[in-house]
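Engineer: What follows is a single structure, and I will ask about it in a moment.
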Amino acid sequence: MEAKTLTNMATTQTAPNSICISKYLYSLSQTPQRLRKRMLATWTPDQELNQVRQRSGADMKRKLQWYDLVALGVGGMLGVGVFVTTGTAALEKSGPSVFISFIIAGISALLSSLCYTEFSVQIPVAGGAFSYLRVTFGEFVGYFAGANILMEYVLSNAAVARTFTEYLSSAFGVHNSTTAWRVQVDGLIKGYDMLDFPAVALILLLTLCLCHSTKDSSILNLIMTVFHVVFFAFIIIAGFLHGNSNNMVRPDGLTPHGVRGLLDGAAGVYFSYIGYDSVSTMAEEIQTPSKSLPVGIVGSVLIVSVLYCLMALSLCFMVPYNKISESASFSMAFQHIGWKWAANVVGAGACLGIIASLLVAMLGQARYLCVLGRARLVPPWFAQVHPSTGTPLNATLFLGLCTATIALFTELKIVLEMINLGVLLVFYLVANALIYRKYVMISHNPRSHTFLFLFLLSFCALGFSISWQFHEQWWNISIFGGSMIIITALFQYMVPCLRQDTEWSVPFMPWPAAMSVFLNIFLMSTLKMSAFQTFGIWACLITLFYVLYGVHSTYKAEEFEMGVNEVNPNSSILLPKVDIQVI
């Protein structure tokens with residue numbers, strides 16, 4: 001009797017599993033048809049603002065003002081840029097002219113920020129680039145960008161957290177900051193063998209803080225950012241007063257590696273500007289998005305660009321470029337001029353800035369994952385917003401644990417160029433999307449004209465970049481550069497663009513977006529081949545996830561909501577059909 005009961009129980013438990021497997025196998029057999037329907041399927045801004053957002057249950061709480069956004073943008077960028085990338089860029093690429101590299105990267109970031117700003121005003125949701133690209137180019141392009149932004153956030157946060165350990169040890173007077181307070185494990189691959197427990201502790205502590213309240217986290221960031229800017233002013237003034245201007249030309253001149261070194265340095269320090277896009281993900285938590293977002297995004301980029309240039313100049317005034325330390329470069333610079341006490345202060349101030357930048361970046365990464373969950377491209381568990389705190393609790397906890405795990409093992413150099421490539425690619429896509437949206441979706445011009453322009457623009461930018469990298473004759477570079485200018489001017493003259501007076505929009509279109517496309521391609525071309533190889537593996541993995549999970553999940557969720565017909569092999573129920581928007 002007992003054996004029969006056990007058999008019945010086993011059969012009962014096995015039956016649902018068999019049904020689930022058979023349903024999934026059926027879904028896989030429908031993959032080509034579902035890809036055709038879903039890859040280019042778009043949502044309208046109104047659907048993103050209402051229907052999709054409701055999938056999170058509770059709404060995020062609107063408590064942020066414009067000054068919160070400026071502080072979030074400034075705090076998110078300052079701690080990362082100067083303290084993580086300046087030393088390496090000056091020592092290996094740009095030399096004393098590293099401040100010019102920051103200017104070039106800042107111009108590119110400003111152009112990209114203008115594109116982000118217009119999208120965020122028109123589509124004020126937490127999805128950032130994912131939402132902007134999904135309403136323009138369709139589901140797959142949006143998913144691809146969202147997955148890359150998530151990768152960039154997690155890897156960059158892990159790398160920055162490890163830098164925190166170096167500066168923290170420097171604040172306590174430890175000279176060998178690279179290995180101090182880390183545990184070396186024999187047998188692990190080099191670059192992954194130094195375990196960083198302080199970085200893990202910091203990430204977990206910030207994760208708990210972000211789970212509690214966005215407004216409280218914003219206030220904490222505002223306080224830290226004010227102190228951090230004052231601290232920056234101290235470094236800038238001290239560097240100029242007690243440095244030596246001769247260091248700007250010693251030992252090999254202002255640009256020891258020429259113009260090529262300047263541009264390679266610009267690609268390297270572009271990592272510094274990661275953070276302003278986090279501001280756009282706060283759109284659902286701002287009281288007046290249309291007024292606050294332009295001030296928050298563009299204002300923070302301009303403020304940070306000025307501070308970056310002054311900080312880079314200050315560093316090169318204090319130390320000849322060939323003696324700059326790769327790790328904790330500013331602390332070591334003050335030791336070089338004999339201010340050992342200031343080196344400790346710099347270590348403490350850098351720690352404060354790094355905490356602020358991590359706080360902002362971890363805010364942004366959770367909201368990206370939340371919106372991917374709303375779209376059903378990842379499990380919907382990530383989309384849930386806690387009703388009392390108004391924060392995406394599940395996404396915050398999950399990504400906090402992922403970031404902490406990577407920070408425990410991985411060195412900054414291993415992930416830096418892959419981060420830069422992922423960010424530049426997403427910014428390139430957003431610039432293309434803005435042109436397409438303004439000239440096709442809003443102005444109702446034939447899409448073929450805009451697609452042809454975007455193709456020729458990218459082709460000219462790629463030709464210019466390849467010619468530059470392979471040291472071609474100057475006339476080759478001039479042809480591609482001149483062609484880009486002529487093509488953009490012809491497009492502006494021949495294809496009309498309707499201006500929306502009721503909302504903020506990028507001026508002088510299509511020039512800012514076209515320049516952003518060009519600069520992003522050019523900066524990508526300066527990165528090492530290893531970055532493209534690693535990125536290629538990542539791109540294959542996320543595409544495979546979309547094919548095996550994402551497309552089927554969104555098909556079932558969104559087609560059911562829209563009443564689209566699908567024949568279930570185990571059911572004869574037919575749902576009425578409606579059209580899906582495709583680009």
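For all residues, glycine too, the Cβ spot is worked out from N, Cα and C.
TrEMBL labels come from automatic prediction, so no person has curated them.
As annotated in TrEMBL:
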- 504-553: domain 'Cationic amino acid transporter C-terminal' (DOMAIN)
- 69-91: transmembrane segment (TRANSMEM)
- 97-119: transmembrane segment (TRANSMEM)
- 131-151: transmembrane segment (TRANSMEM)
- 194-212: transmembrane segment (TRANSMEM)
- 219-241: transmembrane segment (TRANSMEM)
- 297-321: transmembrane segment (TRANSMEM)
- 341-363: transmembrane segment (TRANSMEM)
- 418-436: transmembrane segment (TRANSMEM)
- 448-468: transmembrane segment (TRANSMEM)
- 474-494: transmembrane segment (TRANSMEM)
- 506-525: transmembrane segment (TRANSMEM)
- 531-549: transmembrane segment (TRANSMEM)
Engineer: Looking only at the domain 'Cationic amino acid transporter C-terminal' (504-553), what is the model's average confidence as pLDDT?
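Structural biologist: Its mean pLDDT is 87.
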Engineer: Could you put numbers on the helix, strand and coil content of the domain 'Cationic amino acid transporter C-terminal' (504-553), residue by residue per DSSP?
Structural biologist: 40 helix, 0 strand, 10 coil
Engineer: Output the single range from 97-119, 194-212, 219-241, 341-363, 418-436 maximising the number of Cβ pairs under 8 Å to the transmembrane segment (297-321).
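Structural biologist: Maximum Cβ contact count belongs to 97-119.
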